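Read the structure below first, then the notes.
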Amino acid sequence: MPKVRTKDVMDKFKLELISGEEGINRPITMSDLSRPGLEMAGYFTYYPKERVQLLGKTEITFFEKLPEEEKKQRMLSLCTEITPAIILSRDLPIPPELVEASEENGVPVLRSPLKTTRLTSRLTNFLESQLAPTTAIHGVLVDVYGVGVLIIGKSGVGKSETALELVKRGHRLVADDCVEIRQEDQDTLIGSAPELIEHLLEIRGLGIINVMTLFGAGAVRSFKRITLVMSLELWEQGKQYDRLGLEEETMKIIDTDVPKLTIPVRPGRNLAVIIEVAAMNFRLKRMGLNAAEQFTHKLADVIEDGELEE
């Protein structure tokens, strides 16, 4: 089933339907728009007919100056069997040749009062968001001090319990158990909860709780950008864990590498506090303050001074 249809765009931006109503369920498969300027001049060799076509003042003014015999042919060539829609900006008058061609080929003709540039920007942003690559990950997403922390790990390791403690400490839950992720651009991952389990948290022995009902609207978020992954795993005796914080591990989600920390779990460790500190430390690193690097530089200076004294 297509993610976006012409009707979705029409409803989202309250566009006026002029003609071609039978095609309002046509699928839109790409976020790129087309301004068919060259096509108005008769050059259709590389016409991107699978895109939404946007006609502004420039295109319509040029079209009106064409000879009558060419107008109908231009519009028939513009309205193909796979063109999702033709949108006119600025409430421009609709050429009768366009109405006739759209009815003949079932291409919706829509109109907006917005300026062409603004309409282009809004349409592109909406389509990129809706058509972005998506995936789903088993885990918990929490907003901790403004950092989107994705908590992952095997079932039963304590992800939901940790999220509950974080919510009690004033942070905000985004999703539990299943996190739906979409890649809005090259380095931006947005996580959200499936509608069925939004604001819900499952705690073993307690059952399902509604976080918004228990803790208020300030304890939840609808979506959050994922900037840090925390992997919880049971403590393995003999396994070496990072103790300085110099090793930078990443996790690939869709096409984006996200910084990842592995936290060993065992009785007595307060995971909520560790995640809070990890989020604050992550923000400090992005500001250029790295405690681990400062320590190694100081250690190197001490060693160097000791060697000089000898």
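Just so you know, glycine gets a Cβ as well, placed from its N, Cα and C.
Feature annotations, reproduced from Swiss-Prot:
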- HIS138: active site (ACT_SITE)
- LYS159: active site (ACT_SITE)
- ASP177: active site, proton acceptor (ACT_SITE)
- ARG243: active site (ACT_SITE)
- GLY153, LYS154, SER155, GLY156, VAL157, GLY158, LYS159, SER160: ATP binding site (BINDING)
- SER160, GLU202: Mg(2+) binding site (BINDING)
- 264-269: region 'Important for the catalytic mechanism of dephosphorylation' (REGION)
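Spatially close to SER160 (ATP binding site) yet at least six residues away along the chain are VAL140, ASP176, ASP177, LEU201, GLU202, ILE203, ARG204, judged by Cβ distances under 8 angstroms. Straight-line distance linking the Cα atoms of GLY158 (ATP binding site) and HIS138 (active site), rounded to a whole number, equals 13 Å. Across the structure, VAL157 (ATP binding site) and HIS138 (active site) are spaced 12 Å apart at their Cα atoms.
Below 8 angstroms of C-beta separation, residues 153, 157-158, 232-236, 239, 241 of the same chain, each at least six residues beyond the ends of the region 'Important for the catalytic mechanism of dephosphorylation' (264-269), sit close to that stretch. Of all Cβ atoms in the shown protein chains, 25 besides its own fall within 10 Å of the Cβ of LYS159 (active site). Taking DSSP states H, G and I as helix and E and B as strand, the region 'Important for the catalytic mechanism of dephosphorylation' (264-269) has 0 helix, 2 strand, 4 coil. Excluding the listed site residues GLY153, LYS154, SER155, GLY156, VAL157, GLY158, LYS159, SER160, the same chain places LEU232 with Cβ atoms within 8 Å of the centre of the ATP site Cβ atoms.
Within its own chain, LYS154 (ATP binding site) has GLU233, LEU234 as residues 6 or more apart in sequence whose C-beta sits under 8 angstroms from its own.
Under DSSP, LYS159 (active site) is assigned to a helix (H, G or I) in the three-state scheme. The C-beta environment of HIS138 (active site), restricted to residues of the same chain at least 6 apart in sequence and closer than 8 Å, consists of ILE152, SER155, ASP177, CYS178, VAL179. Neighbour count (other Cβ atoms within 10 Å of the Cβ, all protein chains): 18 for VAL157 (ATP binding site).
Among the binding-site residues GLY153, GLY156, the residue whose Cβ has the fewest other Cβ atoms within 10 Å is GLY156.
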